[in-house]
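Below is one structure, written out as structure tokens, with a few remarks after it.
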Amino acid sequence: MATIKDVAKMAGVSTTTVSHVINKTRHVADETKQTVLDAIKALNYSPSAVARSLKVNTTKSIGMVVTTSETPYFAEIIHAVEEQCYRQGYSLFLCNTQNDPDKLKNHLEMLAKKRVDGVLVMCSEYKDDSRDLLKSFSYLPIVIMDWGPVNPDTDLILDNSFEGGYLAGKHLVDNGHKKIGYLSAELTKVTAKQRYQGFIKALSEANVEMKSEWLFEGSFEPEDGYECMNRLLALEDRPTAVFCCNDIMALGAISAITEKGYRVPDDFSVIGYDNVHSSRFFAPPLTTIHQSKARLGERALRLLFERIAHKDAKRETIEIHPELVIRKSVKKIA
């Protein structure tokens, strides 16, 4: 593998001149510059990214730590972030934690050793030790992309799950539903709890009370939506509509409904959350709460770049508001 010394020898210049040509740190005569570039091409020389980063104090790389890259919601956000990084000339290191604090610690240590310019963190739940861990990496520019720990050492993007839950509940009561169930992820998770609280507020404003037996907890997976809906269908007194904590749970719920010979929305109305790309192709197309994954990725990355440029500036919290997307899975009743 060619070195900078090999390039300098072939071009008949010093290694310092080669460095200036590569890093554009000083004017070099056009003829000399072309000679160096020709030597680089002939030798197939690739500058050391680490060595270059030490000179210019940037690696043009970003770390992203997520719970998982497999679920549609996370996958779409990761795609949006990667697209924004590419346009800005940055590389993206993706790390999955599965909500394991040890993995979070190891990933952050690895990213710090790779001298990434900053880190985006998006995990579905933050335990106390995770909060303390993030504080110990306060020397890294970090942006939290969801309902994470609010502390003075990190910037934060909030998706306002409370407002989204409220929009879902209000849409159902506005369509005449008074018997409404909720298929939730574990209510110990902040996002699920916030969506539930917003949902209950909308029902309360309309003087609609949700029976406790119509609340089922699972996880953010289709299997849990399917299982919870089957338990709901087994009840004698059943709701006319259900709010699912995310679109993937709604997919499982719709599958359970159709397997029992019922139809959506004729027999049961279903509303989801997230507006993942595939939700428009559900049968029927899913009414859901939209969170712009592209906007979330863009805002988070922009905030991170601002933090990288101004490390001592006051930490910011930016709120992104969800929107209702009406399709064909909710029926208006008298």
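Positions of Cβ are set from backbone N, Cα and C atoms, glycine also.
Cross-referencing 48-56, 165-173, 318-326 with Swiss-Prot places the feature DNA-binding region at 48-56. Checking the ranges 4-23, 24-43, 144-163, 264-283 against Swiss-Prot, the DNA-binding region annotation falls on 4-23. The hypoxanthine site recorded in Swiss-Prot includes Lys189, Thr191, Phe220, Asp274, and the single candidate from Tyr45, Tyr73 that the record places there is Tyr73.
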